Amino acid sequence: MNMLDFTQLNASILPEIILVLAAIVILLIEGFQKKLNKYCSLIALIAVVGLIYYLISIWNSNLKGFYAGVVLDNFALFASLIYLLSAALIILSAVHFLDIKKIESGEFYALLLIAVAAMIFISSANDMITIFISLEIFSICLYVLVGYDRNSVRGVEGAIKYFILGAFSAGILLYGIVLIYGAVGSTNLEALSKIQGLEMSQKILLYFGAGLVLVGLGFKISLVPFHMWTPDAYEGAPTVITAFMAAATKTAAFSVLIRIFVINLPSHEISLEWILWILAIVTMTVGNFIALSQENIKRMLAYSSIAHAGYITVGLVGASGNREAGNVMYYLIVYAMMNIGAFLVIAHLERGKDFLSALHYKGLAYKNTFLALALSWFLLCLAGLPPTSGFLAKYYVFLAAVEKGYTILVIIAVLNSALAAYYYLRIIVFMWMHGKEEGKALVKGEETWSLISMTAIVIALLLTLQLSFMPSRFLQLALSF
């Protein structure tokens, strides 16, 4: 390896190196200098924010390492920005959560940083073995983070269910990779893009392998019927981790789907259009109908995230180029910001106690007007009502599907969006159209703002406003693959 190759290698994995080094520093502080524990969040935040600026500065560089086994192209950079923005918001809000719960913070931030590093590896990986290893690294981190509050029975239960189903899905995914290797003789994604003239026996192996890979990733995305872990894990996990899982995990899994099935695997050799068509309809419909009956707001948003996985899958049906991939990535950054924003408001209101029933939010506008305004905006974005960014994201994804001839699929998706509006607007009605005496009273001191967690909410609010009214920059980045 010459000096130029070595320099490119370092540059292509520099984000992961920095995040892992920051995690090691935090663990050393936790182990040997507990009096410096208060700086753990600052170290994590500096690493994440610094990398955001670094990734923007190397846009269009198309860095490669490990003999093209890692490709830090614009697609990987955009996905990485979603992970890092999500992590920055979670770090800010977690300061408040960890302080209230009186939980040691070092391991929390270290696990979060390692999970983000693994996600960046997933999006830049050009080999299915690297993808699998990275997927398992961030999954293990999330298993621990879901049950991080050991005093929470629901959290431990959710972590166990997540772990069992996650291990099962990992086996399915690995078996799928083995079958694809048996069919084409390589796990390298660039090699997949060049295959042609496969024999029938090879095509059968390839179809089975691709199907198992789709099932394995379907668990991470929460596609129906692979979604059973989602409500319990989302409800039991610390709310800040629920926010991270809903945003970053989906982005990581969808980025793998796009990298394999849209960018690399030639459609003339294998097509999963009708499988994705059925999965999209079933996922959005089941998610929305079950969300209608949920009183627990975290479970409602869990089923909402399942429905959104269905909407995003609409963008993959018939996708064959960078434009469709860009539309999906734009949807993912919009979904990440509005979903994290909603969960951060919920986390701020929890204050270490139960504030999860939808009925608790009655009259919130008269108790904390700003939080009611922020949550209302995030819910309107999730509902996809104009002129929000949620509407724009759905518009671009649905328009591409219509142009591909999937009009019936889009009609079903629009009807599902109308159905979903009910359970989002119901919370808004509770907050604004009920008296101050209704709902759950805010305990003394709860009206005061935790400056750091409020900063996270404000940043999420500003990002969703920019995505709604000045989306051109984000669209340009999303479509620059």
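Backbone N, Cα and C define each Cβ position, glycine as well.
Note that the structure is a prediction, hence the values are computed from the model and not measured.
Noted in TrEMBL for the protein shown:
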{"type": "TRANSMEM", "residues": "12-32", "note": "transmembrane segment"}
{"type": "TRANSMEM", "residues": "39-56", "note": "transmembrane segment"}
{"type": "TRANSMEM", "residues": "76-96", "note": "transmembrane segment"}
{"type": "TRANSMEM", "residues": "108-125", "note": "transmembrane segment"}
{"type": "DOMAIN", "residues": "125-419", "note": "domain 'NADH:quinone oxidoreductase/Mrp antiporter transmembrane'"}
{"type": "TRANSMEM", "residues": "131-148", "note": "transmembrane segment"}
{"type": "TRANSMEM", "residues": "160-184", "note": "transmembrane segment"}
{"type": "TRANSMEM", "residues": "240-262", "note": "transmembrane segment"}
{"type": "TRANSMEM", "residues": "274-293", "note": "transmembrane segment"}
{"type": "TRANSMEM", "residues": "300-322", "note": "transmembrane segment"}
{"type": "TRANSMEM", "residues": "328-349", "note": "transmembrane segment"}
{"type": "TRANSMEM", "residues": "370-393", "note": "transmembrane segment"}
{"type": "TRANSMEM", "residues": "448-469", "note": "transmembrane segment"}
Paired segments the transmembrane segment (39-56) and the transmembrane segment (328-349) in contact, 3+ CB pairs under 8 A: no
Maximum Cβ pairs under 8 Å to the transmembrane segment (12-32) - stretch from the list 108-125, 160-184, 328-349: 108-125
In contact by Cβ distance (the transmembrane segment (160-184), the transmembrane segment (108-125); 3 or more pairs under 8 Å): no
Positions on the same chain near the transmembrane segment (76-96), where near means CB under 8 A and six or more residues out: 15, 41, 44-45, 48-49, 51-52, 55-56, 58-59, 105, 108-109, 112-113, 116, 119-120, 123-124, 238, 240-241, 243-244, 247-248, 251-252, 255, 329, 332-333, 336-337, 340, 344, 347-348, 450, 452-453, 455-457, 459-460, 463, 477-478, 480-481
Contact between the transmembrane segment (240-262) and the transmembrane segment (300-322) (at least 3 Cβ pairs under 8 Å, separation 6+): yes
Positions on the same chain near the transmembrane segment (300-322), where near means CB under 8 A and six or more residues out: 221-224, 227, 230-231, 233-235, 242, 246, 250, 254, 257-258, 261-263, 267, 273, 276-277, 279-288, 290-291, 294, 328, 331-332, 335, 339, 342-343, 358, 382, 394, 397-398, 400-401, 404-406, 409-410, 413, 416-417, 420, 423-424, 479, 481
Intrachain residues whose Cβ lies under 8 Å of the transmembrane segment (160-184), provided they are six or more past its termini: 128-129, 132, 135-136, 139, 142-143, 146-147, 191-192, 195, 198, 202-203, 205-206, 208-220, 226, 228-229, 232-233
